[in-house]
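Trainee: Following this message is one structure expressed as structure tokens.
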């Protein structure tokens, strides 16, 4: 007779699965035996007699009594009887026996109601488990039918009792081995420590924990996490839990802190970053904690980081992410010194220090560049106020279009410098909403400055080439200089996740970044930066260079052009006016990148000051021209070279 290959293959698969499942059941630490108890209509009782040891447990049933007796506990010794809720119209009850040897916990459930025969009594080292099935006695009318272990039916026949023989194992080690195989094994450890029926220290081979009780008088607590004996006490993390952690609606609640010196439960795939060895987990019993008013503080001890590396506080929320996913959301990194870093976090989960090599994302001489730019912006602020006053005073009584265009540029530069100074301050003291608003205003100031420089180029082009017979209305310039940037920023605000806190890390101290309110480092922000900022800057710089070339070509044959100071002032004044100094931003590479960066910060932060100097030079030349007795054209030609599009 021929065998069917498909049937043969299926049989082998079933046999293999049964073998694997059988092995898993035999080796599993916890025990669960269920069945249907057939009894009479008289009142029922649950009797139990439990003693310490590791021999056997017998589960039996008759007309009125369900009995649990044996020697399997580590510390629990209990013997008593419990009267069960009975229904005279029902002659059967479903029951389950749960045995957790690690906690020395034994619970019997009858018709959905739990009866705890042995309460949790610490975490047991050596315990009695691996309960293997022994003999069963048959019954005739009353007893247990459909007996099962962890869902697997033992027999459907009516039995009077079930006997299971136990064996000693190291429960803590086996529990840790099981946790290491689970995707979120740390949750298993945290749950076991949470169920630890006492306050204080809990020791496992894979983790150490402590249970802290918060009552109505809880005002915060500082403590050092428990650690293995072989670890130096001076290197153990310390934790501060604030009073805001306690729930007002609950009189008492437990905080569990778990400490892992071995990071195998938390490692992810290949990455350019690496976790430090210390992992700290924090949780509150039956609660999800987020957005704390006062943060929890975890201080880690470590060796000094390499010059090109930084350590930042990260957390893994195992309730949201099934796989290891370390994020810095909700955590601030505070550098205490070279060997201590403190994490301030507004939520509870697992925390660690992630060390990264960040050569490309750091800036050399950041403190010096920041100081230079801040001083330059402060000087430009004052210069813009003075220049705006001069322009208004000079043109009072006659609305000159050139003066109005200049005023627009002066106001834009003033806004840019003002918000640049404020952004570093507000990033450290203001909330997220204020920082987003400040970042958008700083971006508006930058775009408005670039647009007004483009308007200066366009206005000069109209005057030099005389494209139109009559000048364009001034509102067109103001619409493009102030309205167009407002439209762009409004669109970015509506998109969301564009503006916020930005951290710029100095190369000599990557753990102490400069905070500013600007465009964030997200993908959407980077896309907007390259399209809008870089795109507009490229247009302004290229058009400014072209216009500068055309103007210089037109005036280079004038008599006074040969005087060096006049030529220099002409080119420099127009360069600032047309925004061509921003071209230095495209030259930040190669061996002279640091020099270029310093020049970029110095020149562009002082742009308001240079424009004021340009205007002052024009006024002096105008006065000399007026006071000239012979009426020569020398002064006017100088003025024309500095300001080809301004008519006095």
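Heads up, the Cβ atoms here are built off N, Cα and C, so glycines get one too.
Copying in the features that Swiss-Prot gives for the protein in this structure:
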- 34-96: disulfide bond (DISULFID)
- 127-176: disulfide bond (DISULFID)
- 313-343: disulfide bond (DISULFID)
- 331-345: disulfide bond (DISULFID)
- 214-361: domain 'GAIN-B' (DOMAIN)
- 62: N-linked glycosylation site (CARBOHYD)
- 91: N-linked glycosylation site (CARBOHYD)
- 114: N-linked glycosylation site (CARBOHYD)
- 146: N-linked glycosylation site (CARBOHYD)
- 222: N-linked glycosylation site (CARBOHYD)
- 262: N-linked glycosylation site (CARBOHYD)
- 286: N-linked glycosylation site (CARBOHYD)
- 431: N-linked glycosylation site (CARBOHYD)
- 313-361: region 'GPS' (REGION)
- 349-361: region 'Stachel' (REGION)
- 1-24: signal peptide (SIGNAL)
- 25-370: topological domain 'Extracellular' (TOPO_DOM)
- 392-408: topological domain 'Cytoplasmic' (TOPO_DOM)
- 430-443: topological domain 'Extracellular' (TOPO_DOM)
- 465-471: topological domain 'Cytoplasmic' (TOPO_DOM)
- 493-530: topological domain 'Extracellular' (TOPO_DOM)
- 552-563: topological domain 'Cytoplasmic' (TOPO_DOM)
- 587-595: topological domain 'Extracellular' (TOPO_DOM)
- 619-648: topological domain 'Cytoplasmic' (TOPO_DOM)
- 371-391: transmembrane segment (TRANSMEM)
- 409-429: transmembrane segment (TRANSMEM)
- 444-464: transmembrane segment (TRANSMEM)
- 472-492: transmembrane segment (TRANSMEM)
- 531-551: transmembrane segment (TRANSMEM)
- 564-586: transmembrane segment (TRANSMEM)
- 596-618: transmembrane segment (TRANSMEM)
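Structural setting of the listed features?
Mentor: Its Cβ taken as reference, residue 96 (disulfide bond) is surrounded by 15 other Cβ atoms within 10 Å in the chains shown. In three-state terms derived from DSSP, residue 96 (disulfide bond) belongs to an extended strand segment.
Counting only same-chain residues at least 6 apart in sequence, those with a Cβ under 8 Å from the Cβ of residue 176 (disulfide bond) are 189, 204, 205, 206, 207.
Within 10 Å of the Cβ of residue 343 (disulfide bond) there are 26 other Cβ atoms, across all protein chains.
Around the Cβ of residue 331 (disulfide bond), a 10 Å sphere holds 21 further Cβ atoms from the protein chains shown.
Around the Cβ of residue 62 (N-linked glycosylation site), the number of neighbouring Cβ atoms within 10 Å comes to 19.
In three-state terms derived from DSSP, residue 91 (N-linked glycosylation site) belongs to neither a helical nor a strand segment and is classed as coil.
Under DSSP, residue 114 (N-linked glycosylation site) is assigned to a strand (E or B) in the three-state scheme. Taking a C-beta cut-off of under 8 angstroms and a sequence separation of 6 or more, residue 114 (N-linked glycosylation site) has the following same-chain neighbours: 107, 108.
Residue 146 (N-linked glycosylation site) carries a strand DSSP state (E or B).
The Cβ of residue 222 (N-linked glycosylation site) has 238, 239, 240 as same-chain neighbours under 8 Å, each 6 or more residues away in sequence.
For residue 262 (N-linked glycosylation site), other Cβ atoms within 10 Å of its Cβ number 16.
Spatially close to residue 286 (N-linked glycosylation site) yet at least six residues away along the chain are 253, judged by Cβ distances under 8 angstroms.
In sequence order, no residues are near residue 431 (N-linked glycosylation site), counting only same-chain partners six or more apart with C-beta under 8 A.
DSSP labels the residues of the region 'GPS' (313-361) in these numbers: 0 helix, 26 strand, 23 coil.
Taking the region 'Stachel' (349-361) as a whole, pLDDT averages 68 in the prediction.
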Trainee: If I count Cβ-Cβ pairs under 8 A between the transmembrane segment (531-551) and each of 371-391, 409-429, 444-464, 472-492, 596-618, which range comes out on top?
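Mentor: When the Cβ pairs under 8 Å are tallied, 444-464 comes out ahead.
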Trainee: What subset of the recorded positions 34, 96, 127, 146, 262 lies within 10 angstroms of residue 62 (N-linked glycosylation site), using C-alpha positions?
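Mentor: Correct set: empty; none qualify.
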Trainee: For the transmembrane segment (371-391), find every same-chain residue at least 6 residues outside the stretch whose CB is under 8 Å from a CB in it, and list them.
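Mentor: Result: 403, 406-407, 410-411, 413-414, 416-418, 420-421, 424, 598, 601-602, 604-609, 611-612, 615, 619.
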Trainee: Go ahead and report the DSSP secondary structure tallies for the topological domain 'Extracellular' (430-443): helix first, then strand, then coil.
Mentor: 12 helix, 0 strand, 2 coil
Trainee: Measure from the CA atom of residue 331 (disulfide bond) to the CA atom of residue 34 (disulfide bond) and give the result in Å, rounded to a whole number.
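Mentor: Residue 34 (disulfide bond) to residue 331 (disulfide bond), Cα-Cα distance: 47 Å.
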Trainee: Which of the three DSSP states, helix, strand or coil, fits residue 176 (disulfide bond)?
Mentor: helix
